[in-house]
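Going by TrEMBL, these are the annotated features:
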{"type": "BINDING", "residues": "A:R167, A:L168, A:Q169, A:N200, A:E295, A:D370", "note": "substrate binding site"}
{"type": "BINDING", "residues": "A:P201, A:Q253, A:S303, A:M409", "note": "adenosylcob(III)alamin binding site"}
Amino acid sequence: MSNPHSAFQFNNVVGERTFSFVDLADLMAKATPARSGDRLAGVAAESAEERAIAQMTLADLPLTIFLEQTLIPYEDDEITRLIIDDHDKLAFTPISHLTVGGFRDWLLSDIATPDALISIRAGVTPEMAAAVSKIMRNQDLILVAKKCHVKTAFRNTIGLPGHLSTRLQPNHPTDDLTGIAASMLDGLLYANGDAVIGINPATDNVQQATRLIKMMDEVIQHYEIPTQSCVLTHVTNTIECIEQGAPVDLVFQSIGGTQATNDSFGFNLANLAEAQDAALSLNRGTVGNNVMYFETGQGSSLSANAHHGLDQQTCETRAYAVARKFNPLLVNTVVGFIGPEYLYDGKEIARAGLEDHFCAKLLGLPMGCDVCYTNHAEADQNDMDNLLTLLGVAGCTFIMGIPGSDDIMLNYQTTSFHDALYARRVLGLKPAPEFDAWLARMEIFKNNEKFTLNNQLPDAFKQSLNRMIGGRS
Amino acid sequence: MSQKETTSPQTQQSLKSEEAVTENPWQKLNAFTDARVGLGRAGVSVPTKHLLAFQLAHAQAIDAVHTQLDTKQLATTLTEQDWAPDCAPLILHSRATDRATYLQRPDYGRRLDYQSANILDEHTAMNQQPYDLVIAVVDGLSSLAIEQNTVSFLNALFTHLKKPESAENDTESNWSIAPICIVKQGRVAIGDDICQRLNAKCVLVLIGERPGLSSPDSLGLYLTWEGKTGLTDASRNCISNIRPAGLVYQEAARKAFYLLNEARTLKLSGVKLKDRSDDDLVLDKSTESHNFLTN
């Protein structure tokens, strides 16, 4: 199959035709289920048949090829160096003899128990995860992800089996504190916010971030909420906030899977290490010390013209090497935000969401998903209902929660507070245990087992609400 | 077969009397934010009234993306304005042949098609003089934004560009303006192609922004000094959310005119051109913005 004298590294004869693939990157790209971003990059398979042949060719490759052939040169890219240098050969041993296709069978088999999957984690590279995901059906991605248990903690415990957490996202187009507080109250009373209360600031600077961090800290302390806060500002801003004494719980950064992508985001691995150290020095976690919150999403490398000819899903999975270096509390794939030039419709968005969730879980990350779309994508609420349900079944760590699905700052639609309660009810998924106990204590839930909300306004919030709207409520 | 289930009259009565929708006591908070707070619930789901309101907003946003810009009507209206340049608007098209292609190939939306490039080249060949400014009206992701805001915004802008006192003898503040270019299936960077071909000093792109659920009609404005193909957004200045419910026309025109003058003075645009048009305004939002949850 491999011929060193040909211009093509991989050739596969099917009937009378020979299908040829230039190199491993080309083969990976052409084996990827169809999506607009790979067509835009010019790396996608040119026919359905070529894609199927690429998948067969990829399935026959040994997993070890990803240790021998780097998709982006070791010398050129600090993420390649991270992947190679941190690879754990001992953890890899039980699967080292497998092909990509054999790895799929192994993952689906009864050998791959939750404990077995944890034990091989450090031996799996992002490229191995990406490769096997390309030949897996949606149900395979769901089944294996559900077996991958990833537990993290800060002020509560995230990721226990049978649990689903939510990020309360009270964004406001002018960072107006009243508007933010209104969305926070709405979310808390709809039992949302155990993953994090996280604001995307409209004005992105140190002063504004500090103002919002303090505001959220006051609320968390006042109501003794077992959760954590985060302002999604640049990592270097958060470091400054910490230096100036702001009560920072989690450090945020958008990350990509190539060094050039992260250059375009204005950070490198050393910045993340510095930020993690700074946040740890505050020692604000009560039940754990996972202090990082990362966001990812297919297409960011192509968007930054930093994809090195790789397909967007492989780039995305390489970002998980960055994430797992820093033991995050949460990782969030913002799957439908980037737009239809990368993921065209509801079908492509759903596939990408399941791939990202599976690959991240296989690599040991607490993966959540911003189940979302923009108004220029071929998608609607029904597509989001489908993906939310699939991810709930797959054991997704967390989803977003926003009033009525409408983010009035970022102008896109994501899951609502109501949506999370729907997922809890149909799938029996509970919030983080510490937060669940708080919901009962505050009388937000009338019945935690049935996810029944209190019909009355809980006492603890009456005074606050009266301050704002007056009268009896 | 299981026994036929019967319901007592009492049960029937209680099923009827219990309200299916639970209103939220904090519903009035929606006076302080556009966020969809306090929607109430049917069980844990969004009540019918709010579900349908959401669907309508989404439908309007979708229509804004997919409805074609009526270029002829727009050209006619623009020609009727008293500030209209002598030459009639030029109607152009990008290399994206239809909306589906446009949405998936941003690279096509950034370049003029062959015929449009010819129209501009011919205009330039006949018209030797360089222009100070070309205004490109581009459908982008919302034809609705263009239809609803373009004329009103340009009315406001031209009160600055064509002030009576700045006529003839004052060449410093006089702007020679190219025919307005109306572009279908275009992205912001198509202005660079236009600027270069018309030999203009700078280009102002008015473009329909990605529609939000409650803002399907938002107009964006991008200024690029010496636009030429290959520039990135780092070379541009942007004014966003121009619409009656957002940044109003007079305010947007004031900012745009400020940027135009600064660009002409500094001979550049983008990150090095800082928008200080608001520096004189006293910004104190501390009284109106209040975290009522804790104090």
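For all residues, glycine too, the Cβ spot is worked out from N, Cα and C.
Just so you know, TrEMBL annotations never went through curation; they're auto-generated.
Feature map: annotations from TrEMBL on the structure.
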residue : record                              : CB count, 10 Å
A:R167  : substrate binding site              : 27
A:L168  : substrate binding site              : 28
A:Q169  : substrate binding site              : 27
A:N200  : substrate binding site              : 20
A:P201  : adenosylcob(III)alamin binding site : 19
A:Q253  : adenosylcob(III)alamin binding site : 25
A:E295  : substrate binding site              : 22
A:S303  : adenosylcob(III)alamin binding site : 21
A:D370  : substrate binding site              : 23
A:M409  : adenosylcob(III)alamin binding site : 22
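Residues A:R167, A:L168, A:Q169, A:N200, A:E295, A:D370 make up the record's substrate site, and a Cβ search at 8 Å around their centroid adds A:N171, A:V196, A:G198, A:L232, A:N332, A:M400, A:I402, A:T414 from the same chain. Distance between Cα atoms for A:D370 (substrate binding site) and A:Q253 (adenosylcob(III)alamin binding site): 15 Å, as a whole number. A:S303 (adenosylcob(III)alamin binding site) and A:Q169 (substrate binding site) have their C-alpha atoms 25 Å apart, to the nearest angstrom. According to its DSSP assignment, A:P201 (adenosylcob(III)alamin binding site) is coil. Site extent for substrate: the farthest pair of Cα atoms among A:R167, A:L168, A:Q169, A:N200, A:E295, A:D370 sits 15 Å apart. In the three-state DSSP scheme, A:S303 (adenosylcob(III)alamin binding site) is classed as helix. If you take the Cα of A:N200 (substrate binding site) and the Cα of A:M409 (adenosylcob(III)alamin binding site), they are about 8 angstrom apart, rounded to a whole number. Of all Cα pairs drawn from A:P201, A:Q253, A:S303, A:M409, which the record names as binding adenosylcob(III)alamin, the longest spans 22 Å. Near A:Q253 (adenosylcob(III)alamin binding site), with the C-alpha within 10 Å of its C-alpha, lie none of the binding-site residues A:R167, A:L168, A:Q169. Reduced to three states, the DSSP call for A:Q169 (substrate binding site) is coil.
A gap of 10 Å separates the Cα atoms of A:Q169 (substrate binding site) and A:M409 (adenosylcob(III)alamin binding site).
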